[in-house]
Amino acid sequence: MAYHSGYGAHGSKHRARAAPDPPPLFDDTSGGYSSQPGGYPAPGADVAFNVNHLLGDPMANMAMAYGSSIASHGKDMMNKELHRFVSVNKLKYFFAVDTAYVAKKLGLLVFPYTHQNWEVQYSRDVPLPPRQDLNAPDLYIPTMAFITYVLLAGMALGIQKRFSPEVLGLCASTALVWVVMEVLALLLGIYLATVRSDLSTFHLLAYSGYKYVGMILSVLTGLLFGSDGYYVALAWTSSALMYFIVRSLRTAALGPDSMGGPAPRQRLQLYLTLGAAAFQPLIIYWLTFHLVR
């Protein structure tokens, strides 16, 4: 995959007309949030000093700008490839979200312990879209969280004077590869355990992608409060994600159709769910520990 950089190049008079892009799969609701300049209270406070230091570092700003271009380019390419090989109508279900759903789902990912009903809701044997059912998996939050993770990784590398396009590209590709490997392992486990469920590859991709939310919170806390804050946030987000994965996958994989099966098969299904949950903290730590020093 080749990235075309425009740094230092003079604009040409004749530009090749690019082919029109396919329509986006979803509306980006993140545009409503804009950064506000200045206005940090208590200049002597530690948190304010850290925030000023992060935002005022020119290397960090350059890294974030480059990371933004990589994330935008990757998002456009993903949309084009998905339009070529995937049923867009089926995929749109996972992007049928609104602001209220996103806010509630983020809260559920951070603190899932008080949530009671984990059943996915149906209407005439058709699952309700995410904006109508908090338990429905979505791909909007994982996609936006991955882009945010790339931007945050670029800023962290810039602060540590370790930023380079190659390092940031390796960081982004590694995060994607781990999720793909996790989904493939889950598909293999479901096949070997002969689990009868409605889980598709998109469902597994959504559940695997929710870890990016915990990764963002861990890295951001580490940048603001140091390594101690990082490990506290890592422990909290990992525990919350493990609980969320166990309850969500157990409800989906161990549905009513599988409850009447043999006991060994039920144990295999339970082990598969617990194994998927236990693997989450290891991936989060592996993808974030080098960004906090």
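Glycine too: its Cβ is placed from the backbone N, Cα and C atoms.
Per Swiss-Prot, N-acetylalanine is recorded for A2, and the stated evidence type is similarity to another entry.
Residues or ranges marked as phosphoserine by Swiss-Prot: S12.
Taken from Swiss-Prot, the feature region 'Disordered' applies to 1-37.
What Swiss-Prot lists as topological domain 'Cytoplasmic' is 2-138 (among others), and the listing cites sequence analysis.
Residues annotated as topological domain 'Lumenal' in Swiss-Prot, with a curator's inference given as evidence: 160-174 (among others).
According to Swiss-Prot, the topological domain 'Cytoplasmic' annotation covers 196-202 (among others).
Helix, strand and coil counts under DSSP for the topological domain 'Lumenal' (226-229) come to 4 helix, 0 strand, 0 coil. As annotated by Swiss-Prot, topological domain 'Lumenal' applies to 226-229 (among others), with the evidence given as a curator's inference.
The feature topological domain 'Cytoplasmic' is assigned by Swiss-Prot to 250-271 (among others), with a curator's inference given as support.
Marked as transmembrane segment by Swiss-Prot: 139-159 (among others).
Among residues of the same chain six or more beyond the transmembrane segment (175-195), those with a C-beta under 8 A of the stretch's C-beta atoms are 146, 149-150, 201, 204-205, 208-209, 211-212, 215, 253, 258, 265, 268-269, 272, 275-276, 279, 283, 286-287. According to Swiss-Prot, the feature transmembrane segment maps to 175-195 (among others), an assignment based on sequence analysis.
According to Swiss-Prot, the transmembrane segment annotation covers 203-225 (among others). Within its own chain, the transmembrane segment (203-225) is flanked in space by residues 47, 50-51, 54, 94, 106, 109-110, 137-139, 141-143, 145-146, 148-149, 152-153, 155-156, 159, 175, 179, 182-183, 186-187, 232-234, 237-238, 240-241, 244-245, 248-249, 252, 276, 280, 283-284, 287-288, 291-292, which lie at least six positions past its ends and keep a Cβ under 8 Å from the stretch.
Panel annotation: around the transmembrane segment (230-249), residues 108-113, 115, 118, 135, 137, 199, 207, 210-211, 213-215, 217-222, 273-274, 276-278, 280-281, 284-285, 288-289, 292 of the same chain, lying at least six beyond its termini, place a Cβ under 8 Å from a Cβ of the stretch. As annotated by Swiss-Prot, transmembrane segment applies to 230-249 (among others), with the evidence given as sequence analysis.
Taken from Swiss-Prot, the feature transmembrane segment covers 272-292 (among others), and the record attributes it to sequence analysis.
Same-chain neighbours of the topological domain 'Lumenal' (226-229): 292-293, counting only residues six or more beyond its ends whose CB sits under 8 Å from a CB of the stretch.
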